[in-house]
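> According to Swiss-Prot, the protein carries these features:
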BINDING   H66, H106, E140  Zn(2+) 1 binding site
BINDING   E140, D172, H209, E254  Zn(2+) 2 binding site
BINDING   H175, D222, H224  Zn(2+) 3 binding site
Amino acid sequence: MRVGAHVSIAGGVDNAVTNELDVGGNCGQIFTHSPQVWQDPNIGADEAAAFREGTAADLDGPWVIHSSYLVNLCTPKDDLRAKSIDSMQAEVDAAHTLGIPYVNVHLGAHTGAGVDDGLDNAASALDELDIPDDVTVLIESDAGSGTKLGGDFEHLHEVLTRSDQDLDVCIDTAHAFAAGYDLSTEAAVNDTLAAFDDVVGLDHLQYVHLNDSKHACGTNKDEHAHIGEGHIGEAGMRAFINHDAIADVPLVLETPHEDGRGFAWNIDRVRDLRA
């Protein structure tokens, strides 16, 4: 199975390969810069080459880049929209440089513009990107708090339909659970993945953020827990990981570092739960 974690690129993006190996991962996710500031990736040719070579030699892949937390594709504000588009263009260009096939992004919040206008804003913003042929933008499912979009699978479908780009999807299990899609039992997992297939299509599911949830289903609260130890729980996680629809989908963890346990413990847990 392909499972890894979101790892640091401190000291150079090529260090992500070693960091991934250190936690037992064989695929993974990175930020190309601090996600809390507007900043373009600064990746030198030598470190990009070392990253590509290290990935090819030591990992199964694929990697995914997580875009900045400041990006808001749904915004009605022209200045924020322009910054979001510029930031996303820099990310897809960095992905091409690094040989990373995916850039993951949250749709953002409509901040009062309304769901339909927010979805239109997101689709049209994505249409302004010049995405390299070897890179795909993944729309991430959201927990659905406030005016954030992406919590409803229909939101994902609408953006994929309204945009002229060739887009796919990343499901975050904690987000989907918080948004009201139950994953705590085998029956619930079957129902949720069937619902996703009906609305979006499992052919669009290219990556999973595998996280348990510290809060109950439908609370719209986004706080991750160790695998099998949150409200999704061991039974739900086992059912999800072993579902036929997930068998070949790469899994990346964004689980907490607490109680003396980090990514290595959680990756081992995932492998233990895989039948």
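Numbering starts at 1 and runs along the chain as displayed.
Glycine residues also receive a Cβ, built from the backbone N, Cα and C atoms like all the rest.
From a predicted model like this one, the values you see are computed outputs, not experimental measurements.
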> Neighbours of the Zn(2+) 3 site H175, D222, H224: Cβ within 8 Å of the Cβ centroid, same chain, sequence order.
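For the Zn(2+) 3 site the neighbour list reads A143, D172, A174, A178, N211, S213, K221, E223, E254.
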> Out of H66, H106, H175, D222, H224, point to the one nearest E254 (Zn(2+) 2 binding site) in space (Cα versus Cα); all of them are binding-site residues in the record.
H224
> Of the binding-site residues listed here (H175, H209, D222, H224), which is spatially closest to H66 (Zn(2+) 1 binding site) when Cα positions are compared?
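Given the candidates H175, H209, D222, H224, the nearest one is H209.
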> For the Zn(2+) 1 site (H66, H106, E140), what does the 8 A shell look like? I mean other same-chain residues with CB within 8 A of the CB centroid.
S67, N104, V105, L138, C170, D172, H209
> My understanding is the cutoff is Cβ-Cβ under 8 Å with a sequence separation of 6 or more in the same chain; which residues meet that for D222 (Zn(2+) 3 binding site)?
A143, S145, A174, H175, A178
> Of E140, D172, E254, which of the binding-site residues has the most Cβ neighbours inside 10 Å?
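The residue with the most neighbouring Cβ atoms within 10 Å is D172.
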> Please give me the CB contact count at 10 A for H209 (Zn(2+) 2 binding site), counting all chains in the structure.
24
> Show, in sequence order, which residues other than E140, D172, H209, E254 on the same chain lie with their Cβ within 8 Å of the centre of the Cβ atoms of the Zn(2+) 2 site.
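Result: N104, S141, C170, I171, T173, A174, H175, V208, N211, V252.
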> So, three-state DSSP: helix, strand or coil for H224 (Zn(2+) 3 binding site)?
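H224 (Zn(2+) 3 binding site) sits in a strand per DSSP.
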> List every residue in the same chain as H106 (Zn(2+) 1 binding site), at least 6 positions away in sequence, whose Cβ is under 8 Å from its Cβ.
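Listed in sequence order, they are S67, Y69, V71, E140, D142, K148, G150.
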